[in-house]
Amino acid sequence: MLSSILRYFHKSKSKKQLKEIEARVVELHAIFRKLEKEIESLSAQRLLITNEQINVVKHYIALILDLNFPLVRKVVTHQSLFEKDLARLEEMVLHMQKKTQTILQSLPAIQESNHLQMKTVKNSIESFKKQVVTYRKGYFTASKTANIRSTYKAIYEFLEPVKQDTHLSTDIKGFLHYYETLDDSVKKWNDIFVKKELSLYDKLFNNIDGKSLDQQQRTAIVTDEDHNLVLAGAGSGKTLTISGKVKYLVETKQVMPEEILLLSFTKKAADEMHERISKRLGLNVTVHTFHKLGLDILSKNRKDKPDVLQSMTSILDEYFHKEIYHHKSLIQKLMIFFGYYLNIPKDMDEFDDLGEYHEHYRNVDFETLKGKKEKMDRYFTKQTNQLKEQYTTYSGETVKSMEEFMIANFLFLNGIAYQYEQPYPFHVENQEYRQYRPDFYLPEYDLYLEHFGINEKFKAPWLSKFEEEKYVKGISWKRETHKKYGTTLLETYSYYNKQGVLLEKLEDQLKKHSVKFKKINYYELFTSIYDQTNDHYFTEFKKLIATFLNLFKSNGFDELAFKKFETETKELRQPFLEKRASLFFQIVKPIYLFYQEYLKEHKLVDFHDMINDATALVKEQKMSFPYKYIIIDEYQDISKSRFLLIKAIHERTKAKIMCVGDDWQSIYRFAGSDIQLFTKFGENFGQYELLKIEKTYRNSQELINLAGNFVMKNPSQFKKSLTSDKSIGEPIRIIGYKRDIVDSLYQAIDEIVKTAGESTTVMLLGRNNFDIKRLMGEPSFKIRENRYDGTKQVMYQKYPNLKITFLTAHRSKGLEAENVIILNGQNSSTGFPNKLSDDPLLSWVLTDHENYWFAEERRLFYVALTRTKNTTYILAPEQKQSTFVKELRTQYNISYETNEKTVLDSPSCPRCKSGHLIIRQKDGSRSPFLGCTNFPGCDYTTKYVEVLQDPKRCPLCEGYMVKRQGQYGEFYGCSAYPKCEGKE
């Protein structure tokens, strides 16, 4: 019994002690977990391990290693009931203690690894500081910045997670700060560098070719980024800046002359640059043209130097004068293009009023193909000067609108005889309507065709409310008239044009009425209509083709591209534009193939092929270059092929690039230049520095304010704020004329001589070479052409000492004169702006087509305006003024000067808004009436000629009030009564 009791008490005591041991082991396990976390933390430590951290670890180790079981063992000697449980606990503790011993042994290695790691961090930070100090001795370029970022990225990413730690050393804090704010720091450091260089080399910049550079020119020179774009305004001294850059590099930076690749676009410009740099400054730097650079590359890798075609113009002329006559299908396509697609019809809904419509189409030649042919048939064989003069005054059939023009030509090209606006055979004139003249009459089928200017809602919102109601009511009257007299009326509408299906709808209606489509002799039509040497439109169309092909080849396209273009036309989702583009490609493709075959047959390469071949050689690493700097003058003229050559050389040499130019003067798209390579400089070269030279030494402040605001309307161009010390009250003057441009030319020259004397220089500028022809028959002028540079010297009998030169606006770029006279201020397809040269068809071969209306023509006009040192005179007709001239008048308050009474002072037309009322008189009638100057586009008339003297507006219809006699005496009533009952 007693033994049982003792055994019970021993068992209870052992069980209690065992539970105490279990609790202790659990506590010990928690300590071990903490130890593992501390070790893990120390192993990943991004800062130096401290003694405090080591002591914590050692404390945990001691707690684990010091555990023993004295009480339990004593119990076990008397009682073996819990031996297995104790063994299990003992095994757990021993396992923990063993792992702890391993940790204790690894602690020195962890400390050593941490020490080495922090030594690497310290060394990297020291290297960072030294590299930054080294880079700061020069210009801290984007490539240096990128190198810093990539080299120390791993260290930064290692330290970034602990940047908020309060134990960070000063060096680590400094590194993290400068790495994170590197861009801002680099900007500050570069500002310091530039200021230091400007001060250090002030004496050098005070005398570059005898001239002291301004602050912006100096800054452009010492700024030494990897890629630099220098915007240089017209007359701002960009050539002087380039000369200063070369002198700065050679004399202060120990750059050898042969390590500088200096490029210009023309031989003349290259020679002028060579004269200034090599001869005047004594620096033996070769100035290359792209032509010479490409040839040099090819000649070093090939046995024979290729013969390079200078211009494709002669080949295109040969094609159109000879080859085309062997391709009747092409002649047909060409005539169809001229008949329907030469101009792009604009939707009537896009115009605020009828005046805008007439202004938009004022330049378009609405003389139909039928009219042209009849005119040419009548005068084709007459060759005397007298008969040629008759030819210029004779007018063929002219229609009123773009849509009627397309309809007339469609009928003519499909062999359908028609009469335009012939009187209706029945007398229908009444108090409200004049004798009816349907738009088109098809005599073979006794069909009438009216084209109505309305939208889908049967509205004409471009008219005033009164005129709209009147127009829509007139449509109903015409329909009723045909119904009354049993004649058949076909109808087309302006919204067909909006949908791009006008001709398709017309064709459907004609076929429904059994109209037969007949083949015509396109060959005969072509030969009879187009005198290719004198027809402006045909000449401009050939220029459009030349521009397209230049851009086509500059982009490295080949024959397969035409197939790709044809496929992509379907994405236009506008039938008219789709067919227009497709037809154009069908016309251009055989011309391209002829051109390529001509080159092959005559063993020639053109400029683009030569440049592309040179680029391929550079990319194949078959050339080595010594260049450290590439400096390009007139960079706004860069083409895709030239750009790719420069990019290839740049990638091979890592040379720094300085491109100098003015996007406002980018005007050589016809030669392949692509302004997007300038305006999107960063997308093509990467990070770059944009610098501006904005002080002009040619123009007055007043002129550059006007011209600058004019050209900056295009938002895709760079903004500049040009300044000048010169001041002229009237820098631009518009001289008007009624009939003969020579009258206004006399007036402009008289003004110049009166102000500047007879020994001054005058530059006559034309949009094209046609513009000088008007003076060739004038006895007061004699014109002599300089065959060397293409300029024309003009002798004026009245002032024989006056130095007058004629140039096209393109040829004038880079030149200047005391005064300038722009000859072509007329709204015509070949004037300012030239409607054909800015054709959207060019978007297929441009990097990114400009969406701004007449963007390049606006820049060309800016170039013309800024050639003067004093005043620019623009000769503009009273009517049909260029849209640019109108813009100068209306938005910049430049007055229209004329020695004659001008129609511009007459009341405006109440229907179209843009025309003016003038006195007209029908043949055989003695009664004068007022008509619109936009006739035949606008046929508004009124018999009340007294409106000219007393133009009082009607409050209801916006027409004019006239004096009337009523029951109670005299009052003002509307001239449109009874349609309008306005009175006061």
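Positions of Cβ are set from backbone N, Cα and C atoms, glycine also.
Within the model, the coiled coil (18-52) carries an average pLDDT of 68. Feature annotation from TrEMBL assigns coiled coil to 18-52.
What TrEMBL records for 211-700 is domain 'UvrD-like helicase ATP-binding'.
The annotation ATP binding site is assigned in TrEMBL to ALA232, GLY233, ALA234, GLY235, SER236, GLY237, LYS238, THR239. All chains included, 22 other C-beta atoms sit within 10 angstroms of the C-beta of LYS238 (ATP binding site).
Within 8 Å of the centroid defined by the CB atoms of ALA232, GLY233, ALA234, GLY235, SER236, GLY237, LYS238, THR239, the record's ATP site, lie the Cβ atoms of THR241, ASP662, ILE693, THR696, TYR697, excluding the listed residues themselves. Of all Cβ atoms in the protein chains displayed, 26 besides its own lie within 10 Å of the Cβ of GLY233 (ATP binding site). Take the CB of SER236 (ATP binding site) and look out to 10 A: across all protein chains shown you find 28 other CB atoms. Sequence-distant neighbours of ALA232 (ATP binding site) (same chain, 6+ apart, CB under 8 A from its CB) are LYS238, THR241, VAL660, GLY661, ASP662, LYS692, ILE693. In sequence order, GLU272, MET273, ARG276, ASP633 are the residues near THR239 (ATP binding site), counting only same-chain partners six or more apart with C-beta under 8 A.
There are 22 other CB atoms within 10 A of the CB of GLY237 (ATP binding site), with all protein chains counted. GLY235 (ATP binding site) carries neither a helix nor a strand DSSP state and counts as coil. Set side by side, the binding-site residues ALA234, GLY235 differ in how many other CB atoms lie within 10 angstroms of their CB, and the most is found at ALA234.
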